[in-house]
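Per TrEMBL, the feature active site, proton donor/acceptor maps to GLU79, HIS233. Feature annotation from TrEMBL assigns active site, acyl-thioester intermediate to CYS111. Residues or ranges marked as (3S)-3-hydroxy-3-methylglutaryl-CoA binding site in TrEMBL: ASP29, TYR143, LYS242, ASN275. What TrEMBL records for 3-164 is domain 'Hydroxymethylglutaryl-coenzyme A synthase N-terminal'. Among the features that TrEMBL reports, domain 'Hydroxymethylglutaryl-coenzyme A synthase C-terminal' is placed at 263-350.
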Amino acid sequence: MAVGIDKLSFFSPNQYIDLTELAKRRDTDPNKYLIGIGQSEQAVIPASQDVITMAANAADQLLTEADRSEISMIMFATESGIDNSKSGAVYLQTLLGINRYARTIELKQACYAGTYGLMQARDYVALNPGAKVLVVASDIARYGLATAGEVTQGGGAVAMLVTENPKVMTLERDSQFMSQDLMDFWRPVYATDALVDGHFSQDVYREFFKELWQRYREQTGRTIADFQAFAFHLPYTKQGLKALKDILPEANAEHAEHLLAEFEASRVFNKRIGNLYTGSLYLSLLSLLVNSATLKAGYRIGLFSYGSGAEGEFYSGLVQAEFKKGLINEQVERLLSERRKMTIEQYEKNYGQALNGPLDREIDFKDDPAKFVLAGLVNQQRQYINQQNHGAE
Ligand code: COA
């Protein structure tokens, strides 16, 4: 039975900064950010959004009423969760009106957890034909103002509905994965910003990819010629380009050119959103599906997932004939065109406004048009509001 991604949806808040302006403010040549890092804009997360509201805003757009009553499991992947005990998936169940007989779980392994969720969802549906599983990857990437990692921040959420006979892409049973105890990136429980050994992380990412790619070829007998495109976890888009270039010499000149063109399609959206940790690979997949001029039914996409700490997985998916029907028409283009550009001063002021500490407070959400917003904290409980119902009662 074919199992995979039936529907795919994205959300990121309505404000961003221009990285040329950030470069000037940081006394840096803009080409370092635009070319050297491969990022042009960066999503800025307002105090009225967190990983729960972003996940709900992404998932809500793809769920029908039938989906909400039929989903049997919600897997919420994040590394910037809001609670060390309660699962974010339970909040999602309530906000999205998903039936009470759904299993709910939160998953963590740095940027890799969304892929683990997807693979578990695939196996669950394969064992339970007809089942529907919602996998949502949602994160806010923070490294701190004026740090080397600042240019690789961002945030957002990707939601995927996994079913049999999927519209978008089947998930093949060919995963190669590996883990190794490394300190390339981590965030102790008391910290709001990540700690990162960025150059070490770059190298580990590439080494994991090369090792898994070689293992994949040995195990499956496939070669680069069997792939029409690759999608990478993109903490910043140059990272994926470096990994792709590591294996391009295996392709003939024409195919190498084709794979580079597909890579460009796969990073259009990530360049303008930045890192969203668990969701980055799946935003790149969405970018490829929307922006590629050549993808068609049966094309094999290779996907590389990497989570610091560290874990990697390489697997493939087959594009389905009706893949555009599993996407929301013009969703990301609309979201990007409706965003408000912040000045660097506004962004710096906003940076300190994340919801921290136990005191009751209200959050001003009047400039946030998203359906689900965070309205404040009462008795150490986050107050979520559906703006479409708010005020109607
Ligand atoms: N024009 C064009 N390119 C330029 C340039 C200019 N004026 N100035 C520098 N560059 C290039 C550099 O040559 C380098 O490219 P290369 O890596 O292909 O050699 C690139 O820009 C970055 O320069 P570098 O000096 O390495 O930047 P940095 O020390 O400030 O750090 C990161 C960059 C990515 C390591 C840092 O932003 C970081 O740690 N980010 C977090 C990464 C992360 O999230 N990792 C964990 C998840 S996988």
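The backbone N, Cα and C atoms fix where each Cβ goes, glycine too.
Any TrEMBL annotation is an automated prediction that lacks curation.
Rounded to a whole number, the C-alpha distance linking CYS111 (active site, acyl-thioester intermediate) with TYR143 ((3S)-3-hydroxy-3-methylglutaryl-CoA binding site) is 15 angstrom. In terms of Cα distance, the binding-site residues that sit within 10 Å of HIS233 (active site, proton donor/acceptor) are ASN275, chosen from ASP29, LYS242, ASN275. Model confidence over the domain 'Hydroxymethylglutaryl-coenzyme A synthase N-terminal' (3-164) stands at 98, taken as the mean pLDDT rounded to a whole number. Residues ASP29, TYR143, LYS242, ASN275 are the ones the record ties to (3S)-3-hydroxy-3-methylglutaryl-CoA, and the longest Cα gap between any two of them is 22 Å. With a 10 A radius on its CB, TYR143 ((3S)-3-hydroxy-3-methylglutaryl-CoA binding site) counts 20 other CB atoms from all the protein chains. Neighbour count (other Cβ atoms within 10 Å of the Cβ, all protein chains): 31 for ASN275 ((3S)-3-hydroxy-3-methylglutaryl-CoA binding site). Across the fold, the C-alpha of LYS242 ((3S)-3-hydroxy-3-methylglutaryl-CoA binding site) and the C-alpha of GLU79 (active site, proton donor/acceptor) stand 25 Å from each other.
In this structure, the recorded positions HIS233, LYS242 were compared by how many other Cβ atoms lie within 10 Å of their Cβ, and the smallest count belongs to LYS242.
Taking each of the recorded positions ASP29, GLU79 in turn and counting other Cβ atoms within 10 Å of its Cβ gives the largest count for GLU79.
LYS242 ((3S)-3-hydroxy-3-methylglutaryl-CoA binding site) carries a helical DSSP state (H, G or I). When the domain 'Hydroxymethylglutaryl-coenzyme A synthase C-terminal' (263-350) is classified with DSSP, helix, strand and coil residues number 44 helix, 21 strand, 23 coil.
Distance noted between the C-alpha atoms of ASN275 ((3S)-3-hydroxy-3-methylglutaryl-CoA binding site) and GLU79 (active site, proton donor/acceptor) is 12 Å.
Rounded to a whole value, the Cα-Cα separation of ASP29 ((3S)-3-hydroxy-3-methylglutaryl-CoA binding site) and GLU79 (active site, proton donor/acceptor) is 31 Å. For the residue listed as 'active site, acyl-thioester intermediate', the count of additional Cβ atoms within 10 Å of its Cβ stands at 30 [all protein chains shown].
Distance noted between the C-alpha atoms of TYR143 ((3S)-3-hydroxy-3-methylglutaryl-CoA binding site) and GLU79 (active site, proton donor/acceptor) is 13 Å.
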